[in-house]
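Student: Let me begin by handing over the structure; questions about it come next.
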Amino acid sequence: MEFIDLGLIPHGEAERIQLERLKQVMEGTAEDALYLLEHPPVVTLGRQGGLENLLISEEALKAMGAEVVQTARGGNITCHYPGQMVVYPVMRIEKRRGGIKKFFFDMEETAIRTAARFGVQAARSEGRPGVWVGPGKLCSIGIGVKKWITYHGLSFNVSSDMKLFDAITLCGLHGAHPTSLSREAGKEISTEEVKNVFREEFGKVFTDTAVAAS
């Protein structure tokens with residue numbers, strides 16, 4: 001597993017990088033990769049749609065410096081912005097016990113353990129994907145799979161500035177609202193800090209031999 005920090009990168013460029021790596025993994029010319037990054041403001045739609053859950057016009061969204069993008073991930077509508085850590089694992093799961101369901105569970109587990117490292121008690125919520133702190137959604141998960149290789153992944157709210165979420169009905173769940181690690185911890189935490197911890201916890205959850213690569 002190679003860990004790659006892409007910094008702040010547009011959604012389309014990150015998707016291109018994922019698909020290129022997915023092809024390489026499929027062909028056996030590259031190892032699995034975990035991409036950690038942030039996106040400029042963007043609202044993304046999953047395979048379940050979600051445009052009906054955009055609460056403002058696309059023109060108004062553009063005035064906020066954001067756009068709407070259709071993706072191949074699972075799930076409904078969500079948003080990304082600087083101050084939110086995004087994690088895209090491109091990895092084979094065909095030989096992992098439990099398949100896609102276990103992969104999904106382990107991604108949630110990694111996020112829960114990461115939050116705990118900062119003193120925040122997060123948990124799963126039955127019937128509602130992702131990771132929650134009480135009624136607040138800390139982390140959204142939506143993956144794509146091609147020939148048992150994953151792409152897309154997870155977004156983890158770090159900064160307390162989450163105003164872009166005001167433009168959507170989060171994941172199409174009426175009454176759901178976002179929260180962030182900084183808000184729950186009562187102090188501002190940087191995405192760089194969270195990336196480092198997430199990478200460590202991912203290694204513990206998914207494999208005993210994961211080694212970070214620059």
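Including glycine, each Cβ sits where the backbone N, Cα and C put it.
According to Swiss-Prot, the feature active site, acyl-thioester intermediate maps to Cys171, an assignment based on sequence analysis. For Arg73, Gly74, Gly75, Asn76, Ile77, Thr78, Cys79, His80, Ser140, Ile141, Gly142, Gly153, Leu154, Ser155, the entry in Swiss-Prot reads substrate binding site. Summarising the annotation, Swiss-Prot assigns domain 'BPL/LPL catalytic' to 28-210. The feature site 'Lowers pKa of active site Cys' is assigned by Swiss-Prot to Lys137.
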Student: Could you tell me the mean pLDDT over the domain 'BPL/LPL catalytic' (28-210), as a whole number?
Tutor: 90
Student: Give the three-state DSSP assignment (helix, strand or coil) for Gly75 (substrate binding site).
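Tutor: In three-state terms, Gly75 (substrate binding site) counts as coil.
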Student: Among Arg73, Gly74, Gly75, Asn76, Ile77, Thr78, Cys79, His80, Ser140, Ile141, Gly142, Gly153, Leu154, Ser155, the annotated substrate contacts, find the widest CA pair distance and round it to a whole Å.
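Tutor: Across Arg73, Gly74, Gly75, Asn76, Ile77, Thr78, Cys79, His80, Ser140, Ile141, Gly142, Gly153, Leu154, Ser155, the widest Cα separation comes out at 16 Å.
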Student: Counting across all protein chains shown, how many other Cβ atoms sit within 10 Å of the Cβ of Gly75 (substrate binding site)?
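Tutor: Gly75 (substrate binding site) is surrounded by 22 other Cβ atoms within 10 Å.
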Student: Can you tell which of the binding-site residues (Ile77, Cys79, Leu154) has the fewest other C-beta atoms within 10 angstroms of its C-beta?
Tutor: Leu154
Student: Would you identify which of the recorded positions Arg73, Lys137, Ser140, Gly142 has the most other C-beta atoms lying within 10 angstroms of its C-beta?
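Tutor: Of the recorded positions Arg73, Lys137, Ser140, Gly142, the most buried by Cβ count within 10 Å is Ser140.
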Student: I need the CA-to-CA distance for Leu154 (substrate binding site) versus Lys137 (site 'Lowers pKa of active site Cys'), whole Å please.
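Tutor: Cα-Cα, rounded: 12 Å.
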